[in-house]
Amino acid sequence: MLKLSLDRLNDLFAAVAADQVLYIPADDASGQARFQRWHDGLEMTGALNTVRSAKDFFFPQTENLVDFKLKGKEIEIIDPRTEHEDFVIFGVRACDARSFTILDKVFLVDPVDSYYQSRREHGTVVTMACTQPEETCFCTAFGIDAAAPEGDCSCWMDDTSLYLQPQTDKGQRLVDHLGDLLQTCDDSAVAAQQQSTRAVLEKLPFANLSLDGFDGEHLLELFDSEKWAELSEACLGCGTCTFVCPTCQCYDIKDFDTGSGIQRFRCWDSCMYSDFTKMAHGNPRLTQLERFRQRFMHKLVYFPANNEGEYGCVGCGRCLSKCPISMNIVKVAKSLGGENL
Amino acid sequence: MSPETLIPKLGVVTDIRIDTPDVKTFRVVGLDGKKVFEHMPGQCAMLSIPGVGEAMFSITSSPTNTEFMEFSIKKCGCLTNWLHAMDVGQQITIRGPYGNSFPVEGALKGQDLLFVAGGIGLAPLRSVINYVRDNRQNYGKIQIVYGSRSKDDLVDYKEILDEWMADDGIEVNLTIDQPQEGWDGHVGFVPNYVKELEPDLNKTVLMCGPPIMIKFTLAGLKELGFKETQVYTTMELRMKCGVGKCGRCNIGSKYVCKDGPVFRFDELDELPNEY
Amino acid sequence: MQKIMIAKAKELLQSGAVDRVLGWKTGEFAYDITPAVFETIEELEQSFVYDDFCGANLSKYLIKASRLDGKTLVFLKPCDTYSFNQLIKEHRILRDNVYVVGVPCEGKTDGETLKQHGIKGILGIGSQGDDFIIDTLYGEKTVKRADVLPERCQNCKSKQHVVYDELLGEDGQVLDSHRFDMVEKIEAMTPDERFDFWRGELSRCIRCNACRNVCPACSCEKCVFDNDASGIAQKAAADSFEENMFHIIRAFHVAGRCTDCGECSRVCPQNIPLHLLNRKFIKDINELYGDFQAGADTESRAPLTNYQESDVEPSIVYHKGGNR
């Protein structure tokens, strides 16, 4: 394990940023945390997590796929892809770090999504252990340990020091590059912090959230549950939950006329939107009930059915705090699962 | 840079055939004059005119056609209106092939086949029918029941008359919804016609058409004694990526673009009824 | 008040005067309350709630609910009654199918606002006099209730119900609030400063459409931004121009109809002060055509849809420096 005195944190950021682009979670003018490109003096936020998840780095909200130029009956196809520059995301929480492995199961399976793959290859994920989880956190339900986050390099911070533990070759290269800034140390301080964090994690209201029964075997039973009507009745049909979610990955492909050509881009889409499945001959999901059901069935039933039981949720709690009508995956799981099944 | 399926290839439209008042068949080859890619019957491709839109269409020509691909397309939206208005020589973008196919080299081999189609639903089956005709020795008896609103709405009518009906061992039963001058064939809806024809129970059924036709035909077939494991269909849902990632065509744990579009009815029973 | 409301709801349900009750339902925490329909006495007893966290404006739900068979009882806070009236005026709610019970409001807060005041790990919230006593994972915290109200409630425009069939508790007064103070501050900026201010705010937009979908004035059956045939349907900004335009077009569309209920800013996951755009319109309308409050009544003609010979020509007023 390696260690850095906190008063040299800015030096560490400067050293990382010297040859890679560095992003850290910092407060913006509105007082909210979001990942920002580091510049000298930019300080880390005190907030537990960013409003938008870290998925943006690998799956941005909009992204150019291909360009076209049209001339009469002729079309020219232009591949706009370039090598991404190397970048480091510092301070990713354990929940968001797990979301990358979930997104990998979508974008890196055959046929590989080269846009996502390139970003994954060039990005180094430095995670930060939580010490003060919120009541909305339920990462424990998915076997995530917020006190021991995954990633290329895991970090812990206390009042005086930053502790670093590289986990992959990428992480090792990063700390090697930092050289003299870091001293080796034992893991006693980290172990003590982990112990106290885990004591808080155990006390979280949803620490023992049961997902029993959410699996492919109960697919039709869950789908046909009468409870969806009540659960979805107040849903506004907005995309807040999907857009703040670190694992939601549905997208739309659209063409944009730039005036000098056509840009085909993809952008985040939401199964909560009324036109998501609308096509020329009709719409198989006509009411909000069906759209609402799709989102939660996908995360809790369809995704695990296709991915050895892994859920499409990491318990980050963003949808719990951001849904305009406070309806969320925990309420759905409690209402439909366990003994209610 | 690794190859990217979302970046299409170029094709050029070399022939446009008017099938019905709202269906045209487009012949497409690559800029080198050859087929853009190989496919199996039932598979689809994403066609697009940049700036207008991109959509999934089933490839209606048979893979045994070594020269070109064909797409029979009904005019029903922004992109299809544009395609209907274009002229020969127009370049389009094309990517694929996507999805699974009818098991022509698997479960269908050696079987007697019954094709049931309604309207534009003949398009995806045409690929299979011609594949089977070109590999005639591998399959048993062939029966085709095809219906449309009127005689003018029968897709590929000329090909049906001149080629399919001329083949030995192929029984073609055509029907239209309403009586019409110049039509001395059967009149009535497809589901009833199938029941009247009482096809042999050993046949494997391949069906495509409007949802209402599929629903009643399936019920009729079951009444006759067919099992769901004998009946295949091909589905249509909104698609964007074509490779099971954008989430749009997700039903239950399946993605229609990747795991479909061809399903056997017993497989559909395991999926939520959301199509 | 909650007890009185439940009693009233039970009474009207039991007598058959109403077929359902639109209210608020408890959640997992003290603050995560969901709008809900109650059809039985048991449901009411189990989960009906009315407290400091029932901020959601129920008026828009009546567009659908008033088209159901039978009558719907709805509880409306003073500011919700303005939205209700405006929807009546726009013929979006069938008035005969709704029984409006006005309920008093001393301002509603939410979990997000508490967290903005540095309160972490909220487990339970109690109140004592003017204070909230909050039990958290990290110890007990006491905050003044008035300090943790969101902006819309700190600058409440009215505690008076402008429509009801029945009122529970005392009715309040239209208030002389400071709601235009921030608009004036923005007006005093130079155009460049103002542009930077809005660019900064709107650049955070993730186009989730929560503001539009919650807005009682946004009641189009099909929004132009959702209509592929419109040519401007977009789920995400293809460029920054659109990013700005979505909210500005929306503000134009609700101008003269927005009652300033503040739901847009409440639901914004990015805390963009969207209500300020609407307030600018309200302030301008007041200055140009005389004081007007959308939703205050159901009869008066709105300034922007009414022409009088004496109407001012806005461009001339502002060219001459206006009345400021």
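Glycine is no exception: its Cβ is also placed from the backbone N, Cα and C atoms.
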Which of B:Cys208, B:Cys257 shares the [2Fe-2S] cluster site with B:Cys241, B:Cys246, B:Cys249 per TrEMBL? B:Cys257
Looking at the binding-site residues B:Cys241, B:Cys246, the one with the fewest other Cβ atoms inside 10 Å is B:Cys246
Around the [2Fe-2S] cluster site recorded as B:Cys241, B:Cys246, B:Cys249, B:Cys257, what other same-chain residues have a C-beta within 8 angstroms of the site's C-beta center? B:Met239, B:Lys240, B:Gly242, B:Val243, B:Gly244, B:Lys245, B:Gly247, B:Arg248, B:Asn250, B:Tyr255, B:Val256, B:Lys258
What does DSSP assign B:Cys241 ([2Fe-2S] cluster binding site), in three states? coil
Counting only residues 6+ apart in the same chain, whose Cβ is under 8 Å from the Cβ of B:Cys257 ([2Fe-2S] cluster binding site)? B:Cys44, B:Met56, B:Tyr98, B:Gly99, B:Leu237, B:Met239, B:Cys241, B:Gly242, B:Val243, B:Gly244, B:Cys249
Counting every protein chain present, what is the number of Cβ atoms, excluding its own, within 10 Å of the Cβ of B:Cys249 ([2Fe-2S] cluster binding site)? 28
Go through the binding-site residues B:Cys241, B:Cys246, B:Cys257 one by one and keep only those whose Cβ is less than 8 Å from a Cβ of chain A; report them in sequence order, or 'none'. B:Cys241, B:Cys246
Going by DSSP, is B:Cys246 ([2Fe-2S] cluster binding site) part of a helix, a strand, or coil? coil
Which whole number is the mean pLDDT over the domain 'FAD-binding FR-type' (B:6-104)? 95
